[in-house]
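**Q** Let me begin by handing over the structure; questions about it come next.
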């Protein structure tokens, strides 16, 4: 075998440090522990401080020495988003106003009590959803007059193309109703800029409303609400059978039962995916639901996505992610349940489970397929002499690089 070495080629460049750069504390650590020091670098805080936040963000206060340069903020907790409270539920959002790095996708976290309705509406962008708890009944009518009614339970998805009118309602399957995550493929999306049925009709002259619906009784539409309802209480649905439609039903379901698909079990966790290959109507959003066992790292993330941005949502556990943004720019972030992460296309990254319990999170992409390039597979499939010339690896290490893409290790 070849013994080509890259040492001569890198004679003027020092080798990397092998000193550990682990997370220095965790959210459950003693509040006196967080100090902006790593080794001989930094100094203690002698002014005001917020220990609760610092416990959750060890790698911002005391970054690994491998962090460098400037990377935009890639973490946003939904708990910091302003909440819109309504009779029957609430909604809070994240867009570029909260996380400027996330230019291609925005998220909304919404809760509906049993029976409560997110009123009939439509958007300029498509809408993708993941149900966190309970069951949501969705209705829609497409441009050809074909209707749809379906239920999405915990872990299930729905998708509506841009401009398709639809509604959302909590069922009585769970006494608490339902809560879900909405994703829109536009970082400037504003949930408060939605086209609402009641809002529209209130802003149309009354005589025009009567003419539009060919009403002969002048009082027929006199009880239209004088302002938008947005979210309002109602009676839980008792059936998911759509009204009879002479045009028929939509040809592709707007709901996908992701929770009922088999997850691929791996040595360090599991993964299940949904994109347009299995959910054909979902043409602008795809997802990977990943679990990582304690001590594991998702090699689905020791990678980069060639053309797609990644919007992440952490469902449970604790995770750590470093983003490599080229030109020596890198930054590390810590995540807990309810946090949002974001990685622009082509930026290298990984997710490591830093807790004592299972880490479960969503990787959501602004494209119809889940695609990535694995760091380890890339090196394994590159001529060994070339890899050695870069990294000074020995033959045994080269031979152990996996040629089949690893997912979780």
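Glycine is treated like the rest: Cβ placed from N, Cα and C.
What TrEMBL records for this protein is below:
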ACT_SITE  363  active site, proton donor
BINDING   305, 310, 349  Mn(2+) 2 binding site
COMPBIAS  20-29  compositional bias 'Basic and acidic residues'
DOMAIN    78-222  domain 'Cupin type-1'
DOMAIN    256-399  domain 'Cupin type-1'
REGION    19-38  region 'Disordered'
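Map these features onto the structure and tell me what's around them.
**A** Around residue 305 (Mn(2+) 2 binding site), the same-chain residues at least 6 positions away in sequence with a Cβ under 8 Å from its Cβ are 343, 345, 346, 365, 371, 372, 373.
The helix, strand and coil residue counts that DSSP assigns across the region 'Disordered' (19-38) are 0 helix, 2 strand, 18 coil.
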**Q** What does the structure give for the C-alpha distance between residue 349 (Mn(2+) 2 binding site) and residue 363 (active site, proton donor)? Integer Å is fine.
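**A** About 12 Å separate the Cα atoms of these two residues.
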**Q** Taking each of the recorded positions 310, 363 in turn and counting other Cβ atoms within 10 Å of its Cβ, which one has the fewest?
**A** 363
**Q** Taking the Cβ of residue 349 (Mn(2+) 2 binding site) as the centre, how many other Cβ atoms fall within a 10 Å radius?
**A** 25
**Q** Can you give me the Cα-Cα distance between residue 363 (active site, proton donor) and residue 310 (Mn(2+) 2 binding site) in Å, rounded to a whole number?
**A** 6
**Q** When DSSP states are grouped into helix, strand and coil, how many residues of the domain 'Cupin type-1' (256-399) land in each?
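**A** Helix, strand, coil within the domain 'Cupin type-1' (256-399): 22 helix, 66 strand, 56 coil.
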**Q** Which residue counts does DSSP yield for the domain 'Cupin type-1' (78-222) in the helix, strand and coil classes, in that order?
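**A** Output for the domain 'Cupin type-1' (78-222) reads 19 helix, 60 strand, 66 coil.
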